[in-house]
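Quick notes on the structure that follows.
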């Protein structure tokens, strides 16, 4: 319903709760209960049904402007007497619609099959104290379900009892968040003994809980247990009591649970409801081109209609003796006739918009994405997985990235902690702290009692669990950045132990205890180590009783439970005593530094967005070469701004100082926002979360309204930016801010944890690392890779090639359609047949041109072409800048392709036209007609555009040879076949033996060969010229003894410039 829909949108607050009768058993005869309606347990991931597939799929396909345009053209051809058959538009449109419908139908059939496997699986439900087998889809909210070891939970269950006497079970959630470790869940303490069919069926209870919401780690509820002649017992329910659909039971014989969320209301189903659609820059360029060509089409139809009626203003031209008008034509309304003629011209020239290009682009993206998945160099032996493509629509966007936003922990680093040292009361202890009895290597020594206080909770002395009785856990969350436990020692002392980041611990301990430990923490952070502080607090029995009561009340709340718990935690974790701190090392990932250097060399700006403290993050940035030794760092941190009331004034001063400094370095017109290779001075910016909040959300003072603009200008002129102490939402804000700047630069976000999902979804391209923090990042990403180092090949090789291939595909498609076939048709009409709207080419040729004759060569090219080999692309990152800013779809290459097409179209048409001035072209004196004229032009056209692609191809495979020469052979075969048979379904056999007669003429052969050569001559000349220039530069580079590595420039000059003629 509306509530589950709003939960998908991520609304934080949800109105209302649901009440569930456990086992559908009424709890009281006196209490009135209004039954609530819940959805069944069917999972539906499919889009269509048998009944709505056709209308729904057709509606979605005709929402695309090109499909809708061709539908209109087809209807015009059917209704109005037009010069071309409806087949010319109808057949390509039918082919496109059918292929797309089959693809989408097959994908949906696979989803149906997967749904049925889940929905029809057998489960066991307890009814009337008996085990009843049911299909999963028939489970209802309130059913008591029995699940056995290694089975998957069929819906979201509240855990009531298990075969374990302590009421625990172990669960793995790998299919939900990728975490393969076992998690412990706990049954409600009053129902743990109900571990048989009879006892569990006798339970009389109600569950009140929140309405369904997608967060896997949050659940708020309460169970009321009714016993005869006793007051109902109320117990709180949390995430530890909820067993999620899709998780698997491990190391436990069986459990009993009651269904609370079923079907499409389970947390798994709410999480898998789609993400927003991202569109690539190339797709936007295609749409822009289509609008331009639609305007050209309308203008040509208008010009031709006007010229026709100007020509017909002469009565003789309007109604010659051999073509008198019928009575119906004479009585026809003139405006209506003009409109009909306008539509006829639209139909005649409609091939300027190639509908088949959309299918080719879709196939190229879909098939091309497999090359990423199949790349063996991106396969990781440790996790036995390779790269994953979740969205094939953005392949070419990988070649256009300008800004890379990366997480630190688990992305640049291994997220594998190795103990370095600890300090207790300011005394340093090194080497392994896992020794049970022997002394640590220490530098000075703390008191024995303080050592025990620090080491026992850490599990570093023997029997810590026997020494302490665990009473409460105050769970970690990213806002508090700490977690605590309340324990009772064997001597009865009540203690709280708290561990967390220094920024969250120091404000909550005695201020006179901080100084000694802070020196160690700062030094460890400067060395690049991750630090945690440990504090404790002692309670009296009366204080503990009060705390226990507050915690229980907060846990029982159904509304705003999290806020109430946070407030209680805040009160408990106050006035603690600092014991010490630990330092662990999180090592850099293999080749992380080399990857960042390569991205910089490719003209990309790398920003690190992390929740870690500034000193640790800065050290990591130096280690991974984000900051160089000569980088001048500009800091906008709490330390620089201060905490006083004047902090906004101080922030304003710093912003203006940095802005002035950068303006001197980058003059206004130097293109500071664009990619650049050499800078006089490199600048790096460091900002923390609290200062960013001040910039993005300033006070209402008017002087602070332009903070964001100045800050953004500073950021964009720095070569590297480090944002530390960032909340997940702030990461997304940073990405959104850069995305919305002038020029709309292409952004990429890469991360490995759940806290990176927001920035991954926000960026144009989202990359997930298959790391140790679960799979939420990779699940929500467009592409997933095992390691950060794989980003180098993904962008510099795959991204570069994908962009070049699809850009060439788009330009080539418009070239072979808009000019060659369209211009010749236009030229044929304008001077020769203005009184009658006639096509130059036969309808079969027009229909087959894009579908069969010229489609496969460009598809093979767009999948296999390597204009520069992959090793060179990976080793020379500067090649990436050659295609930046959508270079191959800008006006310069567009005009080049347009000029080339116009030149070739004029050569085709006028070359054959002048040849036809000699009316007798055959040895027997037979005169060729207009269909022969069109066939000769069409033959030259097919051979020229195919051979043009052969000239552009740099990477030949057997498949390229097969489709290029095979397409030409198929055209010749089809022409003989089409003209060699009398087809019973055709009213006119106008192409009968036309092609066969044409090839018997030596003049026609010479004309075809000569005109093909003349058309391609400028291309051949350009290639020869560039090869000469390449050899000259090659010889110069060979003589340059200062060059430290083998030259890759000759290959670049030979191939890249030939590829797109951008240079």
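Even glycines carry a Cβ here, placed using N, Cα and C.
Note that the structure is predicted; figures quoted are calculated from it, not measured.
According to TrEMBL:
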- 288-311: transmembrane segment (TRANSMEM)
- 342-361: transmembrane segment (TRANSMEM)
- 407, 408, 409, 476, 499, 530, 610, 611, 612, 725, 731, 755, 756: ATP binding site (BINDING)
- 407: active site, 4-aspartylphosphate intermediate (ACT_SITE)
- 407, 409, 752, 756: Mg(2+) binding site (BINDING)
- 779-1028: domain 'P-type ATPase C-terminal' (DOMAIN)
- 846-864: transmembrane segment (TRANSMEM)
- 894-916: transmembrane segment (TRANSMEM)
- 928-950: transmembrane segment (TRANSMEM)
- 962-986: transmembrane segment (TRANSMEM)
- 992-1025: transmembrane segment (TRANSMEM)
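Residues 84, 87-88, 91-92, 95, 351, 354-357, 360, 363-364, 367-368, 805-806, 808-809, 812-813, 816-817, 821, 839, 942, 945-946, 949-950, 952-953, 955, 957, 959-960, 963-964, 966-967, 970-971, 974 of the same chain lie 6 or more positions beyond the ends of the transmembrane segment (846-864) yet place their CB under 8 Å from a CB of it. For residue 407 (ATP binding site), the same-chain residues 6+ apart in sequence whose C-beta sits under 8 angstroms from its C-beta are 608, 609, 610, 731, 750, 751, 752, 753, 755, 756. Using a 10 Å Cβ-Cβ cutoff, residue 612 (ATP binding site) registers 22 neighbours. Just so you know, of the binding-site residues 752, 756, the Cβ with the fewest other Cβ atoms around it within 10 Å is the one at 752. Taking every pair among 407, 408, 409, 476, 499, 530, 610, 611, 612, 725, 731, 755, 756, the residues recorded as binding ATP, the greatest CA to CA distance is 25 Å. Sequence-distant neighbours of residue 409 (ATP binding site) (same chain, 6+ residues apart, CB-CB distance under 8 A): 415, 530, 586, 610, 611, 612, 753. Every protein chain shown contributes to the tally, and the Cβ of residue 499 (ATP binding site) ends up with 20 other Cβ atoms within 10 Å.
On the 0 to 100 pLDDT scale, the domain 'P-type ATPase C-terminal' (779-1028) averages 79 in the predicted structure.
Around the Cβ of residue 610 (ATP binding site), 26 further Cβ atoms fall within 10 Å across all displayed protein chains.
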